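J.: Handing you this structure, nothing more for now.
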């Protein structure tokens with residue numbers, strides 16, 4: 001069975017020591033969804049929201065969140081990210097927004113949490129900007145799509 005890396009022999013949480021690991025190129029992609037009424041989504045698509053461009057704001061929020069993941073999640077390392085990309089896609093056929101994030105660096109630890117945080121905070125930002133119009137939006141699912149680099153190897157979700 002695989003061991004939990006953030007738990008020591010005494011069962012205590014600790015930050016993993018990555019100092020002996022080799023620097024490798026690491027990348028992770030994650031996605032999140034925000035379901036909403038067709039009228040709320042139309043307001044976003046048409047750009048008629050009184051707070052401004054919802055997608056631009058969510059994109060910037062996701063990028064900022066990826067860079068601050070280590071401040072939000074206690075055992076994450078501060079990372080020198082070399083790429084953070086957040087793409088937002090309106091999906092009117094499903095009354096939702098799909099968010100996909102991608103994070104990359106050359107370093108000793110992976111960027112899965114940064115990608116997940118970027119997608120999550122972008123979704124939360126959409127909710128925040130639109131809650132005056134609709135409070136029952138649904139955020140989720142949020143998941144890791146893929147990761148590459150590092151000792152544990154590559155991962156890609158099955159389509």
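Just so it is clear, glycine is given a Cβ too, placed from its N, Cα and C backbone atoms.
Taken from Swiss-Prot, the feature active site applies to 128, supported by sequence analysis. What Swiss-Prot records for 75, 76, 77, 113, 114 is substrate binding site.
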J.: What's the CA-CA gap between residue 76 (substrate binding site) and residue 128 (active site) in angstrom, rounded?
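T.: So the Cα of residue 128 (active site) lies 26 Å away from that of residue 76 (substrate binding site).
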J.: So, in DSSP terms, is residue 75 (substrate binding site) helix, strand, or coil?
T.: coil
J.: Using DSSP, would you call residue 113 (substrate binding site) helix, strand or coil?
T.: helix
J.: Considering the recorded positions 114, 128, which residue's Cβ sits among the greatest number of other Cβ atoms within 10 Å?
T.: 114
J.: Return only the integer: C-alpha distance in Å from residue 77 (substrate binding site) to the residue listed as 'active site'.
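T.: Approximately 28 Å lies between the Cα of residue 77 (substrate binding site) and that of the residue listed as 'active site'.
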J.: Enter the number of other CB atoms within 10 angstroms of the CB of residue 76 (substrate binding site).
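T.: Its Cβ shell of radius 10 Å holds 20 other Cβ atoms.
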J.: Can you tell me how far the Cα of residue 75 (substrate binding site) sits from the Cα of the residue listed as 'active site', in Å?
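T.: Cα of residue 75 (substrate binding site) to Cα of the residue listed as 'active site' measures 27 Å after rounding.
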J.: Would you please pick out, from the binding-site residues 75, 113, the one with the fewest other Cβ atoms within 10 Å of its Cβ?
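T.: Lowest Cβ count within 10 Å among the binding-site residues (75, 113) is 75.
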J.: So how far apart do the substrate binders 75, 76, 77, 113, 114 get, largest Cα to Cα in Å?
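T.: With 75, 76, 77, 113, 114 as the binding residues for substrate, the largest Cα distance is 12 Å.
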